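Take a look at the structure below.
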C-alpha cells in the first residue's frame, strides 16, 4: 500500500496543478489579510474562499485525476495487489496532496495573522472539506464510466452543496415561516458539509450576532461539547461513507 | 492449475461468457482461439480478476480467486492493448512494476528488455511510443518475473517479424521449463509450433478443448489453421 501511495503522490506532484493551486491560495490569503488592518475581516473573506474554491478544486481535480489514471489503475489491478489498497491509495494520495496544499496555501497565513481558536477551526474546516470533496469525487468517478458525464456530475454536486442547498433551505424557511424551524435547521445542516463548516466558523465570529434567533439556537447546540462532537462526527461520516461506497463499487468493477 | 467452472458474464445484453468451464494444467501451452468478440479476452480478464463473472468461479491452485489477490504473483500478463500511465517513461514503468512485485518476485528475467532493445529507450515517455513498442514493453513486463503462468493476449499482433520471432523463441523456452502458457490469437499460423492444446470459443461459448495431436488426427490436417477450418466446417454441416 505504501508503495502505491508513493507512486500516486509522485504522479500528482508531477502534474503541477496542485502546486499552482497552493500558490494561488497563498497569494489570495496573504492579500486578504494585508488589505485590511483588522484580521477578523480578512478571516471573513478567507471563509468564503474556503467554502467555495476549496470544494470546487478538490472535487474537479480528483475526478479528472481518477479518470486520467484509468490506465494506471488497469495496470495495477493485473498485479498482485488488493483492489482495496489500490483504491485507498488513490484516496490517500489525493487527500494528502490537497490538504497539504490548503495547509500551506491558507494555513500558514492564518497561523501568521490569526493564530486563534477561530483560525484553527477554519484551518481544520478547509482540510476536512478538501478530503470530503475528494471522497465525493471518488464516488462520482467510480459510478460513471463516461468521463464527461462523471465530471459533469461532480460540478453539479458542487453547485448543489455551494448554492442550491442554501436556496432550498431559504425556500423552506419562507414557505413555513409560521412554524418553529430552528431545530430543523440544525438537523438539515448535517446534510451539507459546506454549511456545517460555515456555521462552525461563523459562530466563532462577531457576525454571528446578526444571525438572530436561529443563530442563538445554533450557538446553543454547536457551542456545546456534544454539539461540536456531533459536528465533527458528521463531517467524518461525509468522508467515510462516500469512500466506503466507492470502494464497494470499485471492488466489483470490470476493467 | 487453473480451473474455471460455469463462468457466465454479461455486458448489458451481450453474453461475453456463457457457461464456460475449462481446465488449464501445468506445462501446457494453450491456444485460445475464436473470432472477434467471442469472449477470449473476457475469459482471460476473469482469470486475472480484472472482470468479475456474474456466476461461476475460478480456482488457482485449488483456491478460489474471488477474494484472493496473492495468486496474481504467479502470473505474468501481457494485455492485448497495453495501457500505461502516459507521462511515465519506459524505465519508470518497469521500475515501478518491479518495485510493486518485489516482495514476491526477486529474480528478474530481463532477457526480453535487452533483445527488444528497450534498454536504449528507457527515457522515452509512454505516450510517445508506437503500438509495436508498447507491445514490446508489455511482453517484457509479462516475462520479467519468471512466473509459473503466462497469459498472453494477442502477443504477436503489432510486432515486427524480428520481434515476433524473438517472442516466440522466448515462449518456447518457457514451455520447456514446464510453465503454463495461455495464448489468444486469431492469427493461426503464429501458433503452429508452440501449441499443445486448442480451445475454440464462439459467442461466449466454449466449442471444444482438445489436444492438438488428437485434433490433427481427427481432421487429418497437419496445419493448425486447416484443422480449425475443417472442424468449423464439420460443425456447420
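Quick reminder: no glycine exception, Cβ is built from N, Cα and C everywhere.
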Which listed span TrEMBL calls transmembrane segment, if the choices are A:119-143, A:194-218: A:119-143
Closest-packing stretch to the transmembrane segment (A:119-143), where packing means Cβ pairs under 8 Å, from A:12-34, A:46-67, A:88-113, A:155-176, A:228-247: A:46-67
Non-local residues, at least 6 beyond the ends, that sit with Cβ under 8 Å of the transmembrane segment (A:88-113): 1, 4-5, 8-9, 11-13, 18, 21-26, 28-30, 33, 39, 42-43, 46, 49-50, 54, 57-58, 61-62, 65-66, 69, 73, 119-120, 122-123, 126-127, 130-131, 134-135, 137-138, 243, 247
